[in-house]
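The structure appears below as structure tokens.
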Amino acid sequence: MSMLALVRKQLKSHPALIPLFIFIGGGAAMSMLYLGRLALKNPDVSWDRKNNPEPWNKMTPDHQYKLFTVNMDYSKLEKNRPDF
Amino acid sequence: MSGNFEEKIKDYATAPFDARFPNTNQTRNCFQNYLDFHRCNKALSAKDQDTAPCEWYQKVYKSICPLAWVSKWDEQHDNGNFAGRI
């Protein structure tokens with residue numbers, strides 16, 4: 001019998017286990033989603049070293065990297081490095 | 001933009017906030033400015049322009065980087081051994 005069919009059979013006799021699956025499955029899904037977000041949207045990550053080697057240099061000067069900023073007013077920042 | 005950098009370089013106090021590196025660990029800020037200084041020199045001298053604006057990056061990395069790292073990297077750069085992409 002496959003794994004899924006076995007589990008389904010056991011769940012029918014122990015229905016109280018269903019919330020367990022929901023919470024563990026939800027937790028696993030959320031952690032995988034966060035890892036995926038970090039992998040794809042984090043500017044410190046470089047996937048394509050030939051075409052996009054330093055994605056953190058493409059941020060605007062007022063890009064807010066952190067989730068909560070306590071003392072920093074990001075709207076007043078501007079570019080302060082010379083071009084070359 | 002590069003016009004008013006002479007004043008900024010003269011009034012330099014310390015490295016300004018860099019949105020790319022907002023956390024306490026400023027290692028990458030140090031390395032990035034060191035790289036940018038050398039890249040700026042290389043780019044501006046290839047275009048035959050004055051490399052004076054690049055001094056900004058040098059001031060920033062000298063403020064942030066430990067002296068031991070700077071001397072090690074300078075030595076590697078002079079020997080052609082430097083690992084960063086310049």
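Glycine residues also receive a Cβ, built from the backbone N, Cα and C atoms like all the rest.
Record features (TrEMBL):
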DISULFID  B:C30-B:C65  disulfide bond
DISULFID  B:C40-B:C54  disulfide bond
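Features per TrEMBL, on structure.
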residue : record         : DSSP (3 states)
B:C30   : disulfide bond : helix
B:C40   : disulfide bond : helix
B:C54   : disulfide bond : helix
B:C65   : disulfide bond : coil
Candidates from B:C30, B:C40, B:C54, B:C65 close to chain A, where disulfide-bonded residues are judged by Cβ under 8 Å:
B:C40, B:C54
For B:C65 (disulfide bond) and B:C54 (disulfide bond), what Cα-Cα distance in Å is obtained after rounding to a whole number?
17
Sequence gap of 6 or more, Cβ distance under 8 Å: name the residues on the same chain that satisfy this around B:C54 (disulfide bond), in order along the sequence.
B:F37, B:C40, B:N41, B:L44
Around B:C30 (disulfide bond), which residues of its chain at least 6 apart sit with Cβ under 8 Å of its Cβ?
B:Y61, B:I64, B:C65, B:P66, B:W69
Relative to the Cβ position of B:C65 (disulfide bond), how many further Cβ atoms are located within 10 Å?
20
